[in-house]
Amino acid sequence: MGFITKAIPIVLAALSTVNGARILEAGPHAETIPNKYIVVMKKDVSEESFSAHTTWLSQTLNSRLMRRAGSSKPMAGMQNKYSLGGIFRAYSGEFDDAMIKDISSHDDVDFIEPDFVVRATTNGTNLTHQDNVPSWGLARVSTRKPGGTTYYYDPSAGKGVTAYVIDTGIDTKHEDFGGRAKWGKNLVDQMDEDCNGHGTHVAGTVGGTKYGLAKGVSLVAVKVLDCEGSGSNSGVIKGMEWAMMDASGGGNGTAKAAGKAVMNMSLGGPRSEATNQAAKAISDAGIFLAVAAGNENMDAQHSSPASEPSVCTVAASTKDDGKANFSNFGSVVDVYAPGKDIVSLKPGGGTDTLSGTSMASPHVCGLGAYLIGLGKQGGPGLCDTIKEMANDAIQSPGEDTTSKLIYNGSGK
């Protein structure tokens, strides 16, 4: 999996059904990881039954390893186990064809899909203001017409809200974060640093002091993509699980309450039922999740998590209120946000200019944090609030696509 600088267009098709369990195959453009799979349980499977299933799995794998000793390199078996909100239970790992066949025969299994590479998606009253904004997107989201250079916002600025950035990490020491950014979880390597830059740029738009929409928000880095901006779908889902648990108080409880948390996923890959179910579990937990629509100039229904209806899917606009030529579109898009030539932070200090729906999504995540700070209800319903506030501004938005551009309600 990677950021939405470029997401891989794909549709998962049912390959076969064995005793009720669907085995899915990736489309022709997916970068599948050899012998790696995600196994998703049926929604009515209890934690006790899930535990019994994984115990059976471990025992079966150990038995086969003993029989095969010395004959070939053994498969790694189960590597990750997921439980999101009691409604999404799954595991991932490395399995051979024979083991996949056995797993698929279990009644508790809903479907099995191949693991694949995911990439980042780059290509009022009492208001205060920021003049001569460093990035045009800030001014655009606080005024009804394009061309402004001032960002108008309430001084509450997202204080008391926590934003989880599921990406390449964050340079938490960057001066523009003012000590409000910290590391949450690293699922990639032993380096708590953003060696790519994508995550820091995204976080800067969400909540940088100078470059961000929610200038008082707390930021948490969840690293699921490597220095090249890539990672596995299974690893991304593990990061989603950690962030949801932390936001709900099940981890360190950074956000204290799910309704005071927002999340951003400026990444995507082929359409994945597993990813979409995990995203829905986050929404069902009462957490607002903004995601990038993707950069293939195609219908976003073919990408995940953009195709999940319960999240807030964001397409990219240009400085003159046009659709960015790379941006995905379609009925799953909820809103447009600035995404072309966006200036934000880079690791080590200073700034960088990037384009992509990766840059659009954090505008919506930051706006979500800002609105919660103003007292708006959090959770997935916040996307409806954002759509209601948005301006009908985008010219030629794409087939069957909204023309709504986000607006913070400043009255300007």
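Just so it is clear, glycine is given a Cβ too, placed from its N, Cα and C backbone atoms.
Worth saying up front: this structure is predicted, and the values here are computed from it rather than measured.
For reference, Swiss-Prot has these:
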ACT_SITE  Asp167  active site, charge relay system
ACT_SITE  His198  active site, charge relay system
ACT_SITE  Ser358  active site, charge relay system
DOMAIN    36-120  domain 'Inhibitor I9'
DOMAIN    135-412  domain 'Peptidase S8'
CARBOHYD  Asn123  N-linked glycosylation site
CARBOHYD  Asn126  N-linked glycosylation site
CARBOHYD  Asn252  N-linked glycosylation site
CARBOHYD  Asn264  N-linked glycosylation site
CARBOHYD  Asn325  N-linked glycosylation site
CARBOHYD  Asn408  N-linked glycosylation site
SIGNAL    1-20  signal peptide
Other than its own, how many Cβ atoms are within 10 Å of the Cβ belonging to Asn408 (N-linked glycosylation site)?
26
What residue among the glycosylation sites Asn126, Asn264, Asn325 has the most other CB atoms lying within 10 A of its CB?
Asn264
Out of these recorded positions, Asn123, Ser358, which one has the fewest other C-beta atoms within 10 Å of its own C-beta?
Asn123
Which whole-number value in Å describes the distance between the Cα atoms of His198 (active site, charge relay system) and Asp167 (active site, charge relay system)?
7
How many neighbouring Cβ atoms, not counting its own, are there within 10 Å of the Cβ of His198 (active site, charge relay system)?
31
Among the recorded positions Asp167, Asn264, Asn408, report those whose Cα falls within 10 Å of that of Asn123 (N-linked glycosylation site); none is a fine answer.
none
Taking 10 A as the limit, how many CB atoms besides its own sit near the CB of Asp167 (active site, charge relay system)?
32
From recorded positions Asp167, Asn325, Ser358, Asn408, the one whose Cα lies nearest Asn126 (N-linked glycosylation site):
Asn408
Structural state census, the domain 'Inhibitor I9' (36-120) (DSSP three-state):
30 helix, 33 strand, 22 coil
Provide, as an integer number of angstrom, the distance between the C-alpha atoms of Asp167 (active site, charge relay system) and Asn325 (N-linked glycosylation site).
24
Which whole-number mean pLDDT does the model give the domain 'Peptidase S8' (135-412)?
95
Between Ser358 (active site, charge relay system) and Asn264 (N-linked glycosylation site), what C-alpha distance do you get in Å?
9
For Asn264 (N-linked glycosylation site), which of the three DSSP-derived states applies: helix, strand, or coil?
strand
